[in-house]
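The domain 'Palmitoyltransferase DHHC' annotation in TrEMBL covers 177-250. TrEMBL lists 110-130, 137-157, 222-245 with the feature transmembrane segment.
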Amino acid sequence: MSQFNRDPPSATRGTGSALPKLKIIHTPSLPSVDKSLWKAEKSYEDKRLLTHTNDEWQVLKVFDGLRCFKSHYVLEFVRLRRVHFGIRWRNGRDIDTGVVPPGCMMGPHWYLMVATWLFFSFLMVMVNVLTIDKARTAEIGAGVFLSGMCLICYALVGCTDPGIVPRINVPLDETFTYCDHCESYRPEGALHCMDCRVCIEEYDHHCPWTGKCVGKGNVHYFYAWLLFLVLAFVYEMIEFTTYFFPPDNHNLLDSLDDSMKIVHSAFKPAPRS
């Protein structure tokens with residue numbers, strides 16, 4: 001039907017053109033929306049989706065070109081809970097590979113781990129380059145060994161599975177506890193990390209400088225890294241100060257001997273009065 005009500009032809013005939021009369025249509029008013037409440041609900045929904053995501057490793061990229069190295073094997077770039085990223089080398093014929101962890105994985109603070117590793121590498125190279133003309137071959141070799149082991153252990157901490165607990169729907173014994181965030185059971189000693197969004201077996205702490213948590217899978221690499229970090233730092237500092245601020249007729253071995261004497265005297269018990 002037309003939305004306009006026109007007068008009969010007899011009423012308008014002979015009187016010139018008449019404007020049509022508009023029919024007023026009343027539409028119900030829409031209810032007002034509380035924007036603050038809507039934003040709060042949306043924020044809660046986003047956090048829920050980020051926390052309760054798929055527990056399986058999601059494949060982001062598959063590099064099929066590497067199959068020429070080994071038949072039916074592929075290199076995959078995977079992701080877990082939107083914060084863990086890894087590289088997985090697997091058989092392309094396997095179907096259910098979502099629960100298979102990658103051989104190399106990095107945590108949510110991977111950028112801090114990469115920046116710290118590059119900083120340590122820069123210091124190691126600079127000290128050895130500046131002292132290469134003055135230091136002996138054995139001294140340079142010792143410095144490169146300690147610094148190299150420090151960098152290797154640091155990379156192992158940041159690229160190894162810290163002990164991510166897979167989904168456990170039925171507890172194996174009474175020591176298992178339930179995690180509300182993962183909606184899964186976890187063994188004794190495992191704790192949930194809010195940054196990594198997973199439960200870590202034998203959780204020690206979350207270290208942003210290594211990019212992830214320290215747990216059962218990488219805690220031994222972590223302690224080895226701390227050991228070589230101290231040794232490399234002390235050795236490189238002694239080497240640097242010896243050849244750039246040298247005392248008279250002193251070399252690196254003499255400086256090391258003096259340092260050991262200072263340490264020995266510090267731990268030597270005081271004489272009895």
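Every residue, even glycine, has its Cβ placed from backbone N, Cα and C.
Confidence across the domain 'Palmitoyltransferase DHHC' (177-250), taken as the mean pLDDT and rounded to a whole number, stands at 87. Under 8 Å from some Cβ of the transmembrane segment (137-157) lie the Cβ atoms of residues 116-117, 120-121, 124, 127-128, 131, 207, 210, 214, 218, 221-222, 224-225, 228-229, 231-232, 235-236, 239, 252, all in the same chain and six or more residues away from its ends.
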